[in-house]
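A.B. asks: Structure below; questions to follow.
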């Protein structure tokens, strides 16, 4: 089966570079003037392989399997405009977030726009630069259809990109979305000078929040401790390669953050506060991140916000 990627950002390009080691790949982006230079400025230092073709024409995306590497808050609009032409294909979401307009994950957006498509999710602990440079990386491929999951696992795995499969789409998708919120909180703890012990507490209690909400929304409990949940959480809470962690650092140290940079965790936190209220679930770290991102809570009050909560069993 042929493969194409929608979204020529760093992650979409990295996946295209990796998959091009197995055969021809088409990468679509709105702005592709850089293609003639042989390198995407969003992924500097990584040459585009000969098997990778870059285009800005959606009618040239004819592959049977299409990876949607678009930000979570952009995906819905793209599907509303173009989804019909991608129905009846294998559509793999690479977004990590919750759509603010519908309070649903990317897979639900795809299923609604393309009801005849086979919908899957690709998620897990990874940085674009690592994938593009051929460094060993393991991800989760989730699809409700076990047979399709196995076929996509074989198709999208490469010599350095190892995919594990699951049929728990909800769990895999929520793990990738929710960990971004906790990464912001972990970054804020470090940026504010609270130290590594505080970060460890944020990560651990944050994972408990992830598990509470995900299982309430139908995820299997055993999915979250895997690559798509705990694995991604550990990576993004400990590395400045993570935009969400860097955003938290900026919040904690009261420094400006690069304008125009996509920070999925900030939008996801806003969505999660609404979901948690609807379900009656306590999500204090997520509420804090939403408050910090929206300016409702000042960083100097963040510690009190968490530590002054009632004492309880772990």
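Backbone N, Cα and C atoms are what each Cβ position is placed from, and that goes for glycine too.
Remember, it's a predicted structure, so these values are computed and weren't measured experimentally.
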A.B. asks: For the NADPH site that Swiss-Prot assigns to 11, 30, 128, 243, 264, which of 96, 312 is also named?
C.D. replies: 96
A.B. asks: State the three-class DSSP label for residue 244 (sn-glycerol 3-phosphate binding site), counting H, G and I as helix, E and B as strand, and everything else as coil.
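C.D. replies: Looking at the DSSP assignment, residue 244 (sn-glycerol 3-phosphate binding site) belongs to a helix.
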A.B. asks: Which of these binding-site residues has the least crowded Cβ, counting other Cβ atoms within 10 Å: 232, 264?
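C.D. replies: Comparing Cβ neighbours within 10 Å for the binding-site residues 232, 264, 264 has the fewest.
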A.B. asks: Kindly assign residue 232 (sn-glycerol 3-phosphate binding site) to one of the three DSSP-derived states: helix, strand or coil.
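C.D. replies: Residue 232 (sn-glycerol 3-phosphate binding site) sits in a helix per DSSP.
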A.B. asks: Measure from the Cα of residue 11 (NADPH binding site) to the Cα of every one of the binding-site residues 126, 179, 232, 242, 244, then give the nearest.
C.D. replies: 126
A.B. asks: Across the listed NADPH-binding residues, 11, 30, 96, 128, 243, 264, what is the farthest Cα to Cα distance, given in whole Å?
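C.D. replies: Across 11, 30, 96, 128, 243, 264, the two farthest Cα atoms sit 22 Å apart.
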A.B. asks: Enter the number of other CB atoms within 10 angstroms of the CB of residue 96 (NADPH binding site).
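C.D. replies: Excluding its own Cβ, the number within 10 Å is 28.
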A.B. asks: Three states by DSSP: which one describes residue 124 (sn-glycerol 3-phosphate binding site)?
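C.D. replies: Once the DSSP labels are grouped into three classes, residue 124 (sn-glycerol 3-phosphate binding site) ends up as coil.
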